[in-house]
Amino acid sequence: LTGVLDDCLCDIESIDDFNTFKIFPKIQKLQERDYFRYYKVNLKRPCPFWADDGHCSIKDCHVEPCPESKIPVGIKAGSSNKYSKAANNSKELEDCEQANKLGAVNSTLSNQSKEAFIDWARYDDSQDHFCELDDERSPDAQYVDLLLNPERYTGYKGPSAWRVWNSIYEENCFKPRSVYRPLNPLAPSRGGSVFLFSWTGLCLEKRVFYKLISGLHASINLHLCANYLLEETWGKPRWGPNVKEFTRRFDPVETKGEGPRRLKNLYFLYLIELRALSKVAPYFERSVVDLYTGNGHEDAESKALLLDIFRDTKSFHMHFDEKSMFAGDKKGAKSLKEEFRLHFKNISRIMDCVGCDKCRLWGKLQTQGLGTALKILFSAKEIQSLPENSPSKGFQLTRQEIVALVNAFGR
């Protein structure tokens, strides 16, 4: 890919250089620190939109074998993975078991970590957050170590995965004039043809929304291609880049010209999240904000590294200008902004329909990260007027939002 991206004055080569030499090494280090590696997630929320379909939905959080003493009592998994009647086909059952094994979430945590989380939560509660995420209080929500559960190909594919993305695009996405989408794998084969969306022109805001979702989709697909199960010999899996799979999803010929556009949307997503990081810097620069884990030395180092990344984001000269969004008449802008918010909230709920736990974990995390980025961009005035030495009611981020923002951008 080369050249300028649509809807902003930025070229791909500049983003590549900036990311490779300035941002990526630092963001990788930050993701390894305790504050950012543990994410609390509820993987047991039922899908609110449809019942289980033919492919298995891995409802139980399958824990990889580890000493009994290390498995928290509340998350010990039963072996009751449920298959619907439609899944009697033995090939599908095999796929299911494979997906269960590869998609297993390793929820092993040391007792020390668990005690630390109680302390962190106590600290969070004292910070006067105005926004409580419903997931956090659920008895099914649990901390997951993101370093032990990397995003990669898990064997989750076919009609079940297609249905999730189709629901996102069909029901929750403003669509551009012409976008090719793969056919429904449930439908009878029609020689690999594709169907075409044909919509009239979209305003900037709706184009931005569509590109963000497309960019998120491209990001997830790229990680599956880059960290693919290449072979499993003697029970030892070997993961690595799968060029054939990458070509199938992104090659101009195989995707009727759509692949490069998907990748450009990934760059656009990067720019939006980069802009959010540069905008939220004043929130973290205040002395009242700590990246609290209870280890004072490590907390200070984590904050210094984060502030260093913020300095880099501010030095980037080709930021997306969010002022061009919602700039029309106040009433129209307000209703469009609300429409944006509700569409996005719905997409985050669709992530509870993902059948594989590991895919669901990373889908939820990256959706929340993007949602946090949008929240920041829509709160620029509130961030500018934050008090230096006290928590603010006007704008607040929970640990969940901070962890999701950094890890989503890291992806």
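Just so it is clear, glycine is given a Cβ too, placed from its N, Cα and C backbone atoms.
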**Study point:** Member of Cys225, Cys359 annotated by TrEMBL as disulfide partner of Cys356
**Key:** Cys359
Review point. How big is the Cα-to-Cα gap, in Å, between Cys359 (active site) and Ser214 (FAD binding site)?
Key: 17
**Study point:** Cys356 (active site, nucleophile) and Thr154 (FAD binding site), distance between Cα atoms, whole Å
**Key:** 8
Practice item. Report the same-chain neighbours of Ser214 (FAD binding site): residues 6+ apart in sequence with Cβ closer than 8 Å to its Cβ, ordered by sequence. Key: Arg261, Arg262, Asn265
Review point. Of all the Cα pairs drawn from Arg152, Thr154, Trp165, Ser214, His217, Arg249, the residues the record ties to FAD, which distance is largest, in Å?
Key: 21
